[in-house]
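Here is what TrEMBL records for this protein:
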ACT_SITE  Cys127  active site, nucleophile
ACT_SITE  His237  active site, proton donor
ACT_SITE  His237  active site
SIGNAL    1-18  signal peptide
Amino acid sequence: MFKLPLILFLNAVFSTDGTDSPIIGVLSQETYSIRKYLKDEESAKSFIAASYVKYLESAGARVVPIWIGQELDYYERLINYTNGAIFPGGATYFTEPKGYGETASIIYKLAVEANKNGKYYPLWGTCLGMEVFAFAILNEDIRTNCDLHKVAVPVHFVNGYENSKLLSQTPQEIIQILRTKNVTYNYHRYCLTEAVIKKHGLDKEWKILSTNKDEHGEEFVSMMESTKQPFYGVQFHPEKSPFEFKNNYGIPHCRDSIRVAQYFANFFVDECRKSKNNFPDSNLEKISLIYNYQTTYTGLNGSSYEQIYFFTQEDFNKNQLK
């Protein structure tokens with residue numbers, strides 16, 4: 001039987017290059033956009049749609065909820081302990097004090113600094129989460145009104161997309177699905193356009209990978225990535241196809257839409273596997289995971305989210321990652 005040299009075997013088993021089981025932070029947001037669906041959760045201060053958690057777990061990650069409106073040292077611990085973070089979609093104002101936009105900006109700047117210092121820390125933004133990247137850089141909301149609501153479409157790839165980190169290793173079958181089939185689900189009233197990105201100089205550090213047009217012919221960016229950091233953004237919602245089932249919302253659940261969603265989940269979780277971060281002790285890790293919180297079946301009350309994690313001020317106070 002062929003035997004590996006001992007040193008190669010040990011390196012394979014005990015590799016220190018990243019982690020096989022990354023822990024990824026998911027940013028919570030204010031609850032006012034979903035207040036009408038709340039019944040027993042009036043004390044909730046923020047929420048996370050469970051579909052984002054399931055999406056990451058489907059690719060082998062674990063999740064830590066990220067509180068909004070905390071002190072800087074909380075977010076510094078977050079960047080040191082977790083292996084990456086997602087800014088989810090939703091409906092909130094970027095300028096709300098201690099809200100989603102301000103918190104995302106803090107995390108973005110800390111992640112930039114971490115990567116500059118050699119600590120690999122990926123970020124992913126979906127819909128609102130991609131839009132907030134621009135806000136975090138400019139401290140200004142540069143979004144354009146564009147309405148592509150409850151619609152799944154193919155994407156239009158921009159020249160050079162195949163040289164991107166996000167898509168360079170994508171199987172051609174997935175590229176063909178993205179190019180020709182209605183598998184990218186859009187649920188937004190705002191967007192980033194190529195013209196606005198260039199006007200504010202963001203094209204110097206962000207590469208546009210694909211575009212789409214809204215119902216009025218307005219072209220918007222549907223995929224982009226940072227040329228300097230492991231940061232990725234999509235305007236569409238890959239997490240909805242496998243995990244959200246609201247009737248009459250036009251969410252595709254076909255096999256191809258699931259394959260596309262799983263590709264993006266696998267890609268980002270693999271990026272987070274490159275991070276060498278870890279929690280300082282196993283007990284802190286365990287009490288920080290989202291397993292400590294229960295979901296609420298909000299689909300029963302008419303929400304577009306089937307399940308939601310709600311968080312209270314007491315949750316904020318109890319779990320400060322220390």
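Placed from the backbone N, Cα and C atoms, the Cβ positions cover glycine too.
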Which whole-number value in Å describes the distance between the Cα atoms of Cys127 (active site, nucleophile) and the residue listed as 'active site, proton donor'?
7
Same chain only, sequence gap of 6 or more: which residues have a CB within under 8 Å of the CB of His237 (active site, proton donor)?
Gly89, Thr126, Cys127, Tyr185, Asn186, Tyr187
If you run the three-state DSSP split on His237 (active site, proton donor), which class comes out?
coil
